[in-house]
Protein chains: 2
Amino acid sequence: MTAPSQQDWQTLALKKRSTLSSQIPPEWLLPTTLLSTLTPTSTKSLLSVPSTSGILTAREIDLTENHDATSLVAMMLKKVATSYEVTLAFCKRAAIAQQCVACLTEFFPTEALTRAKECDEYLEREGMGMGELHGLPISVKDSFNIKGIQSTIGYVSFLSHPPASSNSVLIDILLAAGAVFYCKTSLPQTMMTTDSHNNIFGRTLNPHNPSLTAGGSTGGEGALLAMRGSVLGLATDVAGSNRIPALCCGIKSFKPTSRRVPFKGKTPPGRLGSPTSILPVIGPQGRSVRDFEMWMKTVMTSEPWRYDEGVLDVPWRVVEPAQRPLKFGLVRGCAKRPLHPTVKRVLHTTCKALEKEGHQIVPLDGKIPDIWDCAVLAFKYFLLDPKKTPVQHVLASGEPWIPSMAKSFPEELKGWEASLDGLWDMNVERARVLSAWHDAFVENDLNAVIMPGYQSIAVPHDTYGVPAYTVLQNLIDYPAGILPFLNANQELDTPYVDKDAAYEPPYTPKAVEGAPGAVQIMGRPMKDEELVEIMKVVESVLERAT
Amino acid sequence: MTAPSQQDWQTLALKKRSTLSSQIPPEWLLPTTLLSTLTPTSTKSLLSVPSTSGILTAREIDLTENHDATSLVAMMLKKVATSYEVTLAFCKRAAIAQQCVACLTEFFPTEALTRAKECDEYLEREGMGMGELHGLPISVKDSFNIKGIQSTIGYVSFLSHPPASSNSVLIDILLAAGAVFYCKTSLPQTMMTTDSHNNIFGRTLNPHNPSLTAGGSTGGEGALLAMRGSVLGLATDVAGSNRIPALCCGIKSFKPTSRRVPFKGKTPPGRLGSPTSILPVIGPQGRSVRDFEMWMKTVMTSEPWRYDEGVLDVPWRVVEPAQRPLKFGLVRGCAKRPLHPTVKRVLHTTCKALEKEGHQIVPLDGKIPDIWDCAVLAFKYFLLDPKKTPVQHVLASGEPWIPSMAKSFPEELKGWEASLDGLWDMNVERARVLSAWHDAFVENDLNAVIMPGYQSIAVPHDTYGVPAYTVLQNLIDYPAGILPFLNANQELDTPYVDKDAAYEPPYTPKAVEGAPGAVQIMGRPMKDEELVEIMKVVESVLERAT
């Protein structure tokens, strides 16, 4: 087999993009005058494009904008909405989102509408819904396998793969619960960088400001959800891939403890069999914490251990609403990645709002291992494959590296080579980090920790770098979620500027003006149920403080 | 530092043995006429020595012989026995056992009796017991740390270590529950072979027949429990160390799923930080399954996650008594290690007894991966340390290797060297094994699996070899337990002889006559509670069939 020429990969990629475009019916296409303004250097918010495009009816605008998944399922069960009309509304809006921000990899509205109709008919016929997610359209990251649909995950070399011959375990579970699938969403080349950019589908833009990153690796979801082209999306997370797009795009997300949600049957970006102690995790992105609860409960009461031997047979527990007052640890950043002014203001305002409602904040300065050191350790685990399989997947097609890969690993690891002997020492170091975080929780009697999800809000393309504040939760396997709060505002942020701070990436207030802020909330391992309840409390506190 | 000479290690070991001997009060010493007959070539059962020694009172014989731990705790709470007299009885009997079978490494009756008195006084004063294990003497493997007591774990080089400065997490938990510690028990050099033999404390003998192995690595416990010098013991298990001594010594044992019982704060025989996916597990050895339930419940309702970040915060569940009829898979051996006639008869009789009471048996022939291949894979994980730390620990003192080490790893791995690249492939192979066992359970709707714990019953010293039938449960992290059943009986076993079988180790009916048989019962991961209930059912079926 000869290596394909550079021409080849471009032709292949173009062909795939054309196929994707052809899935959008002509009546859902935006005017070319508008499309021509959509570039990665434009700064204009695209959030209002769908509702002003004339493509959606008033009803469809309402269905896609004013409800969370819990509400939509209730409406369908009460027959005040059909799955068909809800699915059609989200299909239209996803098509518009795709034209605006290049968030999709696969789009199959015809199959989705057929399925939605089946859900409606089931409800008519049986007098009950198909399941806890009856008729609900759900968007999924491209790495999930859906039978009959390709999973190229952004590698040009994977364009030769046939469509998936079976569903990921989680897809089967959600189908059994009544879900409707209608699209798959874009992600970065290798899935190990934070700009959702690849040589097949291009670069996903941030709907709030197309000159900023949408985050990654589940950035297609993040952008689609921000455009309200989806109400609930499936993300994965091994270094923050579920949470980074959420904090960049102003949506919510939840990363559970590992081994609770079935991961089996996905298309991996690297080599199977990693001896890493960092396990990838699936979690939802969406609009409300109660949606995450509905989703987790649905998945975890479906006996997922039956279908995936990697799942711990520990069913979802019904827990009491979070006890008040709550006690939160607070992480105020680390020396190597000081917090940008907007993030400082968001954290400060969050803590004030929580304290105002009687909750307690305990700064963890000096009580926890250095965040950056933990990130360097974590990224060593991502470099354990001597065969460098993701590199092989890229080289196989002749496609070039995407620019953001240059910054995706810590500088300290340039030239670093994994060894079996060194892996023992890494594990000892990881045990030390685990122990320190465990002790911080126990000794301070914490319910959860409030911290940044990143040192900045969404940054210009290809500058995000190492996601130190999110990879921590993967290194120690603690559940965590993102809640959006406030927006960059140069005037309000100025008092938070530290003139001596070496901001990395640079703080560029004009470039990020108006972009959404966010906080990260981290809970205890296996206590996903409790974290959901705590996030509900924070969610409502932040709503009142907005 | 110069390496100590061979003389040195012998002197050091002798000194430690003398210290241990000096802990036995003169009035608990057996007559030298009896002691002189106790050799590793003698075949005479020693089980009746304690009761006929004249050292124990009739009351002490009753306390040590006729009750399980549950019963003893109840008697102490009802004040029909004191912790002092129970502890004294077990101390006396442990001293006798030590003289017969060399099962101890540390013996501290004075401290134990002081503690027992405190328990009695607490009960008097408070009108309630100290905890769920109020006043109960518990014996522990030498690798557990007890403050003020040394943990040499059979390495001569560890004789220079100071006494432990703190307790293992589990020791603290059991103390809080009212336990009394009085001795630590012997184990093999490196803990990675099945003869509990080391150059400090010598060789632990099998009380049923001193010419046979007591098993290992928790063989001191096994022998002590068989001598009724303990009612409940703490074992560890990474390849069968909890279960092998049980099946050799005719006692019961239970190995839970990993990460439920706190492992933190023990003295490790090798290097910390192993990238193995096989985690060591602590479990009890003893007399009754209800004791194991009491013990597990006590440990797991003590919030062990607070004290050990390695513990999953998944509390013990109260489950219904096992549903009847139960469905058991049956493993009938593997080609490379065919079952000895006694084991075949024990398995056959077990299945008949279960079927007679309405339970169902499903042979798993052809449905599961080869047991021996799994063992070879598992042992690769035990060879991942490029520094070969256990070897260094042995060489450090100049002590020789114990003979059984020669057979402790599969022949196939002679010269095998671990590599980081190979570890990825090992993990893929392990995933395949996990998946196959998972499917065998799910597709056959099994409650548990009945299988041998070893291809033979206890064998002559230094011939046990690779524990293929027990390391499987560590490789796949399924809980399992041992129940003793029947005894070797050449006449009854003869029909089970397969003339074409290449028995390894050899089948030597005369050498093993009368030695105890056993079955292994394996449950589902994280369903330790269910396995305990299932083991109770099997326990009572086997009692009725005996």
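Backbone N, Cα and C define each Cβ position, glycine as well.
Checking the candidates A:Ser211, A:Ser217, A:Ser253, A:Ser258 against TrEMBL: the one annotated together with A:Met191, A:Val238, A:Ala239, A:Gly240, A:Ser241 at the substrate site is A:Ser217.
Sequence-distant contacts (6 or more apart, same chain, Cβ under 8 Å) of A:Met191 (substrate binding site) comprise A:Ser143, A:Ile153, A:Gly154, A:Gly216, A:Ser217, A:Thr236, A:Ser241, A:Pro269.
DSSP assigns A:Val238 (substrate binding site) to coil in the three-state reduction, outside any helix or strand. Following the DSSP three-state reduction, the secondary structure of A:Met191 (substrate binding site) is helix.
Here A:Lys141 (active site, charge relay system) comes close to A:Lys184, A:Thr185, A:Leu187, A:Ser217, A:Thr218, A:Gly220, A:Glu221, A:Gly233, A:Leu234, A:Ala235, A:Thr236: these same-chain residues lie at least six apart in sequence, with C-beta atoms under 8 angstroms from its C-beta. Within 8 Å of the centroid of the Cβ atoms of A:Met191, A:Ser217, A:Val238, A:Ala239, A:Gly240, A:Ser241, where the record puts substrate, the same chain has further Cβ atoms from A:Met192, A:Thr194, A:Gly216, A:Thr218, A:Thr236, A:Asp237, A:Asn242, A:Ile244, A:Pro280, A:Pro467. Least packed by the Cβ count within 10 Å, out of the binding-site residues A:Val238, A:Ala239, is A:Val238. Mean model confidence of the domain 'Amidase' (A:85-531) amounts to 97 (pLDDT, 0 to 100 scale).
Neighbour density for A:Ser217 (active site, charge relay system): within 10 A of its CB lie 35 other CB atoms from the protein chains shown. Taking DSSP states H, G and I as helix and E and B as strand, the region 'Disordered' (A:259-278) has 0 helix, 1 strand, 19 coil. The Cβ of A:Gly240 (substrate binding site) has A:Thr194, A:Gly453, A:Tyr454, A:Pro467, A:Tyr469, A:Thr470, A:Val471, A:Gln473, A:Asn474 as same-chain neighbours under 8 Å, each 6 or more residues away in sequence. Our reading of the substrate binding annotation (A:Met191, A:Ser217, A:Val238, A:Ala239, A:Gly240, A:Ser241) yields a largest Cα to Cα distance of 11 angstrom.
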